[in-house]
Each structure stands twice: as structure tokens, then as C-alpha cells.
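What follows is a set of notes on a single structure, which appears directly below.
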Amino acid sequence: MPIITLPDGTEKKYDSAVTIDQIASEIGPGLAKAALAGRVNGELIDTCIPITQNSHIQIITSKDDEGLEIIRHSFAHLLGHAVKQLYPEAKMAIGPVIEDGFYYDISYKDTFTPDDLLKIEKRMKELVNRDYSVGVEIVSPEKAKEVFTDRGEIFKLDIVKNIPKNEIIKLYKHQEYIDMCRGPHVPNTRHLRAFKLMKVSGAYWRGDSNNEMLQRIYGTAWKSSKELKEYLSRIEEAEKRDHRKLGKKYSLFHSQEEAPGMVFWHPKGWTIYRILEDFIRETITKYDYQEVKSPQVVDRSLWEKSGHWDKFKEDMFTTTSENREYAIKPMNCPCHIQIFNQGLKSYRDLPIRLSEFGSCHRNEPSGALHGLMRVRNFVQDDAHIFCTDEQIQEEVQNFIDLVFEVYKTFGFDSILIKLSTRPVKRVGSDDIWDKSEKALSEALDSKGLDWSLLPGEGAFYGPKIEFSLKDCLNRVWQCGTIQVDFSMPQRLNASYIDITGRKQTPVMLHRAILGSFERFIGILIENYSGNFPTWLSPIQIMIMGITDRNNEACFTAKDKLVDFGFRAEIDIRNEKVGFKIREHTMQRIPFLIIIGDKEEENSEISVRTREGKDLGNMSIDKFKLIIDESISKKGIQGNQS
């Protein structure tokens, strides 16, 4: 006789085992129709699974966060059902939920084309319209092995063989199609309405390049057609803002096959890069950082001591010279410790904050490379703070101020913060972990910030805080990090003399604001859609003469504006001024100056903005006040159209 306790405290008594489906039906037909799964004593189960003991339950619908994940996972199985009907020879591997949707890895002799995706999507809709029930059967690994052997599903068998014999496996049945999963899944296909298949890519089985390359079909799924439409609209807008397209359109950078994962910066793009670097340098100087420069190529012995050789050797570029093996540095931290180690340090010297715009190389897989967002050569706005245990909280507080100052400058006001704490496998005493985690959490609380806790997600050498920003499309980009490190300073013999005269190992705080310049510029390009605020625009002013006889006045105006410190260019091509205005407006240049006979006669300029606003005629000195004000707004100007 199980006693079922509902979320509002109501108790229901039953003479025998009962299911979520039955409980929902008793409460009301609307809830019964909406029920996707149940949470029973904290565990998610299918609506048809019998509950035999006293339990606290919650009925999960699409309104719950878990509901959307269940819908998406069920769509992966529906995709498998459609694929097996259309392509019976296909072998199904895995189909998990991902952000915004799902995918399924499939082995098939032919490459899936866009037309194939349309065909599969059509079949999925037909299956949904059949409004069939999704069955579930709990079996042993041995039984599952029989089922998938009969069906020739080699990848399912590979998974089953690694499941202990005493565990159970859930088989989900979409009519004649059978798949395996932890579940739960929707009880009926009527819950599967709003979806779209998006693309196909390649993926190695189990992520191992020695295994077969599979075809990964991606799909997106939502609770309603309205949400699906909104998502597809965001995707369409994101494609328009793709930094690779805009990089080409505005001649900012390019990549090419001869240097995969490396960036060819064009003059305009490099101007943005230098402005960004100068801004970060100027800002961190106010926070008492000392800039350093460390070697690009370092003997493997240092990487062995730091632990990177064992953990990251495959991701490092190496070279040999005079029988010595070197690595092109993938990160700056071991080198910064070498700088710290030069000369005796006292507790009075701490904290020491060493910063570097360090060029790093990592041997990322070619398939993972993506414009500026994922590269092999990148520059980090990297710094390492050497401090005592007692100084951690204050240093983290200062870094929080720094991060928010920088992000606000670019117009990013929505910042997500996560604190990751100790994992099971870790170095350092519980006491130092307690102190560090407390220091980080109290630093966040002291700033009145909302943050979320990720228990067990910290690195083995210390807890960390991650800062992620939301762009104008509500996409989340993880950029800033401050990471406590108890391990590396000890491995590389960093030390200082404490107040008692004893040698102690400092704590090292790894920290970055942007993450990498390349990626952050990619984020900015997409966020602004190439419409950079005046202070970041590679060309701030374009000067155009109406006729050739105005050219000299154009050069005079340019010289004066450049002397003021502005980035001004001249267009004296033999083209109509209207054509030039349209062209430079399309290039998103903030201010356009036109000089004709009238302007020249009155020692004035005619000023227009890239938004098409005519500011009228004025002196260059008056224009200087306008552009100074525009520059001072920085990211607050935030024209992201």
C-alpha cells in the first residue's frame, strides 16, 4: 500500500503499485495528457513505471526544465526510428541531448545530403502524426545483447558489453524501432511537435580518431512552435552576424589552408586588435599589474616539471634542435613562475601580479577549428597573481571589479557567474580547500552578485570562478576566469619568506578577462554585427570631396583630425559622392565628412553618421567635440543593429 505525497503535501493511499500516469489521471485529464514523466523521491522515471513504496512525487510536464530535456531525448529516438525506416542498413550509435536540441551518430554507407535531411524530417512528422505510445521494457544486459545482436546494431552491442551484468537496461520502443537509454522518455509521440533537423557533420565513434567516422545529424526541439520559430529566427540572425562572413565583408581577417587555425589579420582587423590590447593594458595597470614577456619555445623539461607534458603532450606543438626537445608554449603559467622565482621574495612583496599578452599554440583537431572562435594560435590576456592564503579573497574581489569594468565598457551588462568547487580527485589539504572556497564565495557575496554553485567541477588543483557574458542574441560566452592553484607553485619550487622567516609556497591565481583576443574579437564582431562603437572602429571618419578641386581641403581636414588622435581616411576616387556615401555607410564607418565648394569657402565640413543622420555643417573643432563624446560612450553607445 504505497502512500504517495504530492508537492503540496497532499497524500494519496493506494492498495497496490501505481504509476505516474494513473496518479495524473486521478488529478485531472489535463494533467494526464500533459504528463511526460515523474520525479519519484528525487529520481526521474517514466509515467508507466510502477511505484511500489511510499514516495514523494512530482509530475513532470513540458513547463518544467526537465520536461524539455525529455522531449529532446525522445526526439533523438524518433530520429532513429525515421532513419531506420528510410535507410534500413544504417547502424545507430548514440543520440544524446545537447544545448538547444539533440543529435544522433549514425553509420551509413552513403553521405547524408540536405535532401536526405528533409526526407528524414518529413518521415519524423509522419510518425508523430500516428500518435503512437512509446513503450519501455526493463531488461538485463544479456537480454539487451540478444535484441541488438538480432538487429545487427554493432554500436549498441559495444555499449552493452561495458555495462555490468547486475545492472538493468531500459529498452524504448517506437513501434518496430528499439533503442536503449536511461530515460525517461515521453509516453506518446503527441508530445513531439516542434522540431527541425539542422545539419550533418562527422564524428568519430567514442571520439577516437582510430575508430570509424560516423555521420552526426543535429536537430533542435522546443516545447512549442512559437519557441521553435523564435529559435530559428535567432539562428538566422546569428548566421548573418557570423564573424567569418563579416570578417571578409569588412576586410578584418582571413584564414587559409596553408595555416589552419592561424589568423591573417588585415590592417582594419589588426587596428581593432591593437585598440583592444591597449585598452586592457591601460585598465590592468590601474590594478597594479606588471607586464612581462616570456619565451615562445621552452625545453620539455619545464613542461614535465609543471605536469603539462604528461597531460597535454598530444595538444602541444613540439620541435627538436641540437638533440633537445622543445614545446611551443600552450600556456604561460610555468614561465611566469620562472619570473617569480628570480630573486628572494618576502611576504611583504605579495601579492605580485604578473600579466602577459602571451601568444600560445595548441594542436586543436582540424575539425574543431572555427574562425576566430577556435584557433591553434591565440593570445591570452593572461595574468598570474602570487599571494598568501589570506590574500585570496581580496584579490578575487579586485578581479571581479576589473572584469565588470571591462565587460561594461563593451556594453555587456548580463554576466553569469559560476563557482566550481573541489572534485573527488584533488591535491591540497581540506583546510586549504575550505579557505579557498570560502574566500571565493565570500568575494562574490561581498559584491552582491548572483552566482551558481557547481559542486565537484573545480580543477584538481583548486576552485575557480567563471564569468560568462550574454550577447545581443542571448548567447552565452564563457570568457573570464579566476582559478586558484595550490599545485603548480609547489611543483616549480616557488617560495617566499613569511613573517616568521620560514620559506612558504605562495598560492597562484590564474586569471583571464577576455580569454583570448581572437575569440573575444569574434564575439565583438558578431555582437556589434560589424557596427563597432566609435572608439573601436578601425576607421572612425571617412572624408570625401565632391569634386577634384576639393581634394586639398580633404587632405587638410584629415591632417587636423589625425593630429587630434582620430583614425581618418580620405576617398578621392573619381566617383559620385552619393555612391561613396552609400559604400562607406555599408562599411559601417561611424562618421562621414563631405567637403564641397561651399564647405571649403566657409572653412566647414558637412557631417553625416552611418545611421544616415545629417548633422549639418560645422567647423572641425566643433566636430571634434561630437566625436569625443561618441568615443567616451564606448560600449554604452552599443549600436548592435
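The backbone N, Cα and C atoms fix where each Cβ goes, glycine too.
If you check Swiss-Prot, you get these features:
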- 1-61: domain 'TGS' (DOMAIN)
- 242-533: region 'Catalytic' (REGION)
- Cys333, His384, His510: Zn(2+) binding site (BINDING)
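Scoring each of the binding-site residues (His384, His510) by how many neighbouring Cβ atoms lie within 10 Å, the top position goes to His384. Each residue in Met331, Asn332, His336, Ile337, Asp382, Ala383, Gln483, Asp485, Met488, Met508, Leu509, Arg511 lies on the same chain as Cys333, His384, His510 and has a C-beta within 8 Å of the C-beta centroid of that Zn(2+) site, without being one of the site residues. Across the region 'Catalytic' (242-533), the prediction's mean pLDDT works out to 94.
Cys333 (Zn(2+) binding site) falls within a helical segment according to DSSP.
For the domain 'TGS' (1-61), DSSP puts the residue distribution at 14 helix, 21 strand, 26 coil.
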